[in-house]
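According to TrEMBL:
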DOMAIN    35-320  domain 'Gcp-like'
BINDING   His123, His127, Asp314  Fe cation binding site
BINDING   Ile146, Val147, Ser148, Gly149, Gly150, Asp179, Gly192, Asp196, Asn286  substrate binding site
Amino acid sequence: MKNPIKGKNGEYLLTLAIETSCDETSAAVLKNGREVLSNVISSQTELHKKFGGVVPEVASRKHVENVDMVIQEALDLAGVSFKEIDQIGVTYGPGLVGALLVGVSVAKAMAYALNIPLIGVNHIEGHIYANFIEDPQLQPPFLCLIVSGGHSHLAYVKDYGEYEIMGKTRDDAVGEAFDKVARAIGLGYPGGPLIDQLAKKGNPEAIYFPRVYLENGSLDFSFSGLKSAVLNYLHTQRQKGKEIIVENVAAAFQQAVIEVLVNKTLEGARRKGADKIVLAGGVAANSALRQTLKMEAEKIGIKVKYPSLDLCTDNGAMIGCAAYYNYLKGYTADLYLNAVPNLKLGEVYENKTNYPQPHVHQIVDENVDNGDKR
Ligand code: KG4
Ligand code: ZN
């Protein structure tokens, strides 16, 4: 896709992106959609570790403390000033409502003050778009497996912003299952990377955990049964006074997850005749998933792509990339933009006013006028 829109500098668009949907405060500056000038991530992992998971209220407060500094650092690293920014993209869902509201409020205030367009970005879409940054040549269509702490989707990406959801989880997200099993075997938080490491030392065949495929032909996922099977195994072993080899539990659990993910993804690719599979989301960092999917897909002539590790976890750059393509489609938001904790992939923010091409300042001027009349 060509860039038909020129920024303030007369050449390219500069996007400032803000991401605060969970426990990472992040801001990035991008030149057009795919060139990252800066991507600053302030992680709260250490803060939440002692609670064994993200505490929403604590996350929101930390975002409030950090967000200004993170934005300033992103601008400084990119070597640009506020005035040079052409547009602001922000994650408005899905995620923790209080956490999302911090980014959304800051983005709205900045878009208003700078009189530039505001673009609301779907976090799941952001994860997919991390791949466009990783590989500047990548173009839709492709099949995408999105696996993170809060979501598991198998989506056929027909074009930029056009998705056919072929499958999704009916209960736990994949990352959630990793984190819960990690907690049960006494690992820290977040559990995914720790299971990934521990599984390398274990024997995946030592224990058999169920592979849940659901009804015939379904590409949906279900991981809560597998998680319960692991918990039952641990309980039984303890009751019988038998040794628990955590390396084997990690390896066997991980293998059960990966087998289902890979088989369903390959089936999805077959149904669509896709020649490319793209991985996205925090669990896309899993080394065994990356290797297995690549190996199995290549056997049937399908290419597999995934982002580098720092683009797999939550970051502002992926939000900036999605914001750019949304902007090209005319999806700008007004100042009524709000956090939508359960936003679905493919949902587009609808402006509340009738401006054909919403510009932030027009909408706000109208509100001010109304106020003055009262
Ligand atoms: O995408 P993400 O940063 O946040 C959400 O949007 O949810 O994903 C975080 C999830 C956590 O559950 C974490 O345990 C998991 O990704 N994760 C991993 C790995 N790295 C992160 N899971 C398995 N293997 C990994 N290497
Ligand atoms: Zn995420």
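Placement of Cβ uses the backbone N, Cα and C atoms for every residue, glycine included.
In TrEMBL, annotation is done automatically, which means it is predicted and not curated.
Projection of TrEMBL feature records onto the structure.
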{"residue": "His123", "record": "Fe cation binding site", "CB count, 10 Å": "25"}
{"residue": "His127", "record": "Fe cation binding site", "CB count, 10 Å": "30"}
{"residue": "Ile146", "record": "substrate binding site", "CB count, 10 Å": "27"}
{"residue": "Ser148", "record": "substrate binding site", "CB count, 10 Å": "25"}
{"residue": "Gly150", "record": "substrate binding site", "CB count, 10 Å": "20"}
{"residue": "Gly192", "record": "substrate binding site", "CB count, 10 Å": "26"}
{"residue": "Asn286", "record": "substrate binding site", "CB count, 10 Å": "27"}
{"residue": "Asp314", "record": "Fe cation binding site", "CB count, 10 Å": "27"}
> Of the binding-site residues listed here (Ile146, Ser148, Gly150, Gly192, Asn286), which is spatially closest to Asp314 (Fe cation binding site) when Cα positions are compared?
Replying inline: Ser148
>> Suppose you look only at the domain 'Gcp-like' (35-320); what would the mean pLDDT be?
In response: 96
> Using DSSP, would you call His123 (Fe cation binding site) helix, strand or coil?
Replying inline: helix
> Those binding-site residues, Ser148, Gly192, Asp314: which ones have a Cβ sitting under 6 Å from ligand 2?
Replying inline: Ser148, Asp314
> In Å, how large is the greatest distance between any two Cα atoms among Ile146, Val147, Ser148, Gly149, Gly150, Asp179, Gly192, Asp196, Asn286, the listed binders of substrate?
Replying inline: 18
> Among the binding-site residues Ile146, Ser148, Gly150, Gly192, Asn286, whose Cα is within 10 A of the Cα of His127 (Fe cation binding site)?
Replying inline: Ile146, Ser148
> ligand 1: which of the binding-site residues Ile146, Ser148, Gly150, Asp314 have a Cβ closer than 6 angstroms to it?
Replying inline: Ser148, Gly150, Asp314
> Tell me, by DSSP, whether Ile146 (substrate binding site) is helix, strand or coil?
Replying inline: strand
> Rounded to a whole number, how many Å is the Cα of Ile146 (substrate binding site) away from the Cα of His123 (Fe cation binding site)?
Replying inline: 11
>> What whole-number Å value do you get for the CA-CA distance of His123 (Fe cation binding site) and Gly150 (substrate binding site)?
In response: 10
> Using DSSP and three states only, what is Asn286 (substrate binding site)?
Replying inline: coil
>> According to DSSP, collapsed to three classes, what secondary structure does Asp314 (Fe cation binding site) have?
In response: coil
> Which of the three DSSP states, helix, strand or coil, fits Gly192 (substrate binding site)?
Replying inline: helix
